[in-house]
Every structure is written in structure tokens, then in C-alpha cells.
């Protein structure tokens, strides 16, 4: 297939991203400064880090809306462990393991109950979120202050750069490469697509369906934990609400990136570009003085438009056939 045609959606997203940056640059010229542009990604790049493995979950025919609560739980756990005197490197490792465990819990409940993944992860969203609030209350970390006192080397980590590129953005680029290779260049990635197209056929084809689902959900949980660590480093405090605003932007990024909400198709590159598109939309509106409520409403509207557009695109042949029948009936 012609590469231009194969990656037409990704090319369109890249062009739209450039247009968006230029448009906001006309409103606020600071956004056209390369340093401001790069470092402004630190405010939203964790959305992209979570959206990448979430793409694999959605392509497999699943759904995970608990990652925001997982981020909050992992963040406050990191703070509590450090507060109890645990060495920070060990606390970070345990936090990453906790994120993976949250993902495994989601996968286990989905596989062994057969309940819709949206319902299961809705329940675990409240479970993890409630656990984060409980842990926060027990540690006395209520309100917006959270748990602070982290070493300067840790709090500086998310604010330093390498070759002029902010460290969170470097993490995002590394994650992009890793998940692109995993999804588009390995047997596991092929299995994810096949499971999303038909889990029953995949089962009959001797594809390890359960193991694959455990892996993609665990990776989403682990990515949530990575996002939690970066956010704690960036803000300098561990709070239970750090991932509260991630749900809609991340899902919007995955769907806008080309993933079929019913499973079977999707693109890591598309999700990465869409995450930047959604992030710069929020950032640009904020720099233009638009209130957060309007920014959130626009993100929600964007998700609705994308879902409707994708649905029309998927069923365009049936729509054209219906329209043709209607026209012929009127002519008769």
C-alpha cells in the first residue's frame, strides 16, 4: 500500500497539529518560541504517556477508564512510602508495581466475570480513587498541598532538559517508540489486533487471549504509575487528585488518533499525535485566556465529533446504500 495512503490519517493529524500551533501563535506569539513550545508540553504530556498503552487496550476490544484514579493512587502511595522513611528509588519501584497490579486487577475481573470492560473499570475507578482518598486522609495529606518534602534532585527531574528537550517529553518519545514497536512490529501486537477483531476466532486460533489482555491492562497501569511519578516530580508534591483531569483528554486522544472504539484497529503514531493535538488545544486556550470550563467543554465536543465521524466512516457504505434506496424510492 502507498505509504501516503496508509498513513493518511496520521499525516492529517500532523498537519492539523502544525496549523493549531500556528493559529494559537497568532493569538499569543509566546507559543511560537521553541523553548516555550517544548516546555509547555510538560503540563500535559502525561496524557500521551497513558494514551499509548490505552490504545492497545481499546484496539483489543477493551476499555479502561480507571487510569486517572490509578495515577492518583500511585501518586499518594509514593508520597506515603517516602513519608514513612522508605528510600525514594525503592518507593518508585513499588509505585510502578502497584500500577501494574491495578491493571492486572482490571484484566482479571474482565476475563473471569465476562462483564463489559467499561462497567468493570468504572467500578475500579471508584475503588482506586476511594483508596487514594483513604490513604491521603490517613497520611494527613488533605487539600491541595499533598505530601511534599521530596529531595531536590527528584523534584528537579521533571523540570530539567536533555539537549534542550524536557525530560517528560523524552519519556513520552521513548514510550512512543516502545509501544509502536510492540504494537506494529511484534506477534503480541498482531494478537492485539486479532483479539479486537474477534476474540472468539482468536481463541480458536490458539492465540493467548487472556495473557495478552493481562499484558495490555498491566502496561496501562504501569504507564499510569510512570505518569504519577513524573507528576509528583513536576509539582513537587504527591496528591490523590493528580490524575483526575486525564480521563477525557486521554480517551479523546486515542479515538482521535484513529482507534476504533469497538476494537480491531488503531495506531500508536496516531494516538501520539492526537495527544499532542489535544494537549496543545488545552494549552493554547489557556494561554489565550479561555476558562478551563470552556476548554473542557471543547475537549468533550471534540470527542463526540470524532466518535460520530468515525462511526459514519465505518458505516459509510451502508449509509450510501440507504440513501440510494431512498432516492430511488422517491423517483419511483
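Backbone N, Cα and C define each Cβ position, glycine as well.
Copied from Swiss-Prot, the annotated features are:
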TRANSMEM  7-27  transmembrane segment
TRANSMEM  45-65  transmembrane segment
TRANSMEM  70-90  transmembrane segment
TRANSMEM  91-111  transmembrane segment
TRANSMEM  118-138  transmembrane segment
TRANSMEM  162-182  transmembrane segment
TRANSMEM  216-236  transmembrane segment
TRANSMEM  240-260  transmembrane segment
TRANSMEM  261-281  transmembrane segment
TRANSMEM  288-308  transmembrane segment
Contact check, the transmembrane segment (216-236) vs the transmembrane segment (162-182), 3+ Cβ pairs under 8 Å, seq sep 6+: yes
The transmembrane segment (118-138) touching the transmembrane segment (240-260) per 3+ Cβ pairs under 8 Å rule: yes
Top Cβ-contact partner of the transmembrane segment (70-90) among 7-27, 118-138, 261-281, 288-308 (pairs under 8 Å): 118-138
Proximity verdict for the transmembrane segment (7-27) and the transmembrane segment (261-281), three or more C-beta pairs under 8 Å: yes
Distant-in-sequence neighbours of the transmembrane segment (288-308), which means Cβ under 8 A and at least six residues beyond its ends: 24, 27-28, 245, 248-249, 251-252, 255-256, 261, 278, 281-282
Non-local residues, at least 6 beyond the ends, that sit with Cβ under 8 Å of the transmembrane segment (118-138): 63-66, 68-70, 72-73, 75-77, 80, 102, 105-106, 109-110, 146, 239-240
Chain residues outside the transmembrane segment (45-65) and at least six past its termini with a C-beta under 8 angstroms from it: 71, 103, 106, 110, 116-118, 121-122, 125, 168-169, 171-172, 175-176, 179, 182-183, 189, 192-193, 195-196, 199, 212-213, 216-217, 219-220, 222-224, 226-227, 230-231, 246-247, 249-251, 253-255, 257, 259-268, 271-272, 274-276, 278-279
